[in-house]
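To start, the structure under review is shown below, and the notes come after it.
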Amino acid sequence: MSFIEDLMSSFFMDHIRQKTGSLSDTIMLKLSEPISNTACGSAVDEMEGCQDNSAALTLKIVAISAILIAGVCGVGIPLVGKKHRFLRTDSNLFFAAKAFAAGVILATGFVHMLPGATSSLTNPCLPKSPWSKFPFAGFIAMMAALATLVVDFVGTQYYEKKQEKQNQKDQTDSADLVSESAIVPVEPKPRNEILFGEEEGGAIHIVGMHAHAAHHRHSHSHEHGDVREHSHGHSHSHSFGGGDEEGGVRHVVVSQVLELGIVSHSIIIGVSLGVSESPCTIRPLLVALSFHQFFEGFALGGCISQAQFSSMRSTVMATFFAITTPLGIAVGIGAASSYDPHSPRALVVEGILNSISAGILVYMALVDLIAADFLSKRMSCNTRLQVVSYFALFLGAGLMSLLAIWA
């Protein structure tokens, strides 16, 4: 009996040990899922199908050079060309080219950034809860767009108040000069001739109406050409805060927020290219990013040019944009041996940053680039410019969307 009891005891103990071991393995697997650094699924298949470290490194060096040149040319053309008549920011050619660039940025946000963020945050490598239970990519993009609206509004208010103080100082100095020269200024027109929606300070805070208000004030100032002191003071006091197409508060804020959105996703795509060891992945990215960098730079350069920054500040902003993606590639090359872009942690970080970039770019493209130009007085008064600009807008969005087939 003792032998049978020992045998039964041993059998049940082994069974218990087996169950306990399998349970502990399951628990450890669940706990390790969120911080796993192993590549999975399509990533492994991709690395096995097309992986050549030496060829990939050569392509990365070529990509750094090509993307740097494309970025410098894109952001530099509007800044250098503003001194030439056909490339000035008030020319029809620049207006149409800016519409094309706005289409590129819009497609970047909708077709490249947002789907990429959704793919990262719903990747099978991530735990189903909470990543598959809630559309985090769209939610984060929406919150980023709303946050951009707040920054846009607060920044505009800040620069308007700053400019208003400067205008008051200029008016005081102008009044002193008038009194010294014994010239009596002409009284301004009655307030009943002010545009509907115009505020006491002369500015209209409605998207798309800035150019119309600026056009009205410009015409009003030139009606008094016989008294140059008054006409100059009147137009100068509103040109910056009122939405003049040549520059102003809107362009100052837009250029800075747009650069923030572009730079944030440029770092991501640069690092992603830098850590890749697959020539099959890098080749299409090289062409797509060069095209993308050129026209994003053109849109940003146009905003910087219209903001009328100093030469030093414009150069710093342009340089910072141009080197961001190549710098991201260089960082990716250095971290390629230790960084796994397909680990859950990397997927979460990349998905969140892509979502934020998508929200910023979509807001900036729709509100500050497309709406501000296409709802302006200049566009409504020029049918030919309307046709060309709409064609350029859809062409830019279509071509950038088409690149999603390869990148």
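Each residue, glycine too, has its Cβ placed from N, Cα and C.
Bear in mind that TrEMBL entries carry predicted annotations, made automatically and left uncurated.
According to TrEMBL, the compositional bias 'Basic and acidic residues' annotation covers 222-232. What TrEMBL lists as region 'Disordered' is 213-247. Under the heading transmembrane segment, TrEMBL lists 61-81, 93-114, 134-155, 316-336, 356-375, 387-406.
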Please indicate, using numbers and ranges, the residues of the same chain that are 6 or more beyond the transmembrane segment (387-406) and have a C-beta under 8 Å from a C-beta there. 92, 95-97, 99-104, 106-108, 111-112, 115, 284-285, 287-288, 291-292, 295, 370, 373-374, 379
Based on Cβ pairs under 8 Å, which of the stretches 61-81, 93-114, 134-155 lies most in contact with the transmembrane segment (356-375)? 93-114
Which sequence positions outside the transmembrane segment (61-81), separated from its termini by at least 6 residues, show Cβ-Cβ distances below 8 Å to it? 87-89, 94, 273, 282, 285-286, 289-291, 293-298, 300-302, 304-305, 314, 318, 321-323, 325-326, 329-330
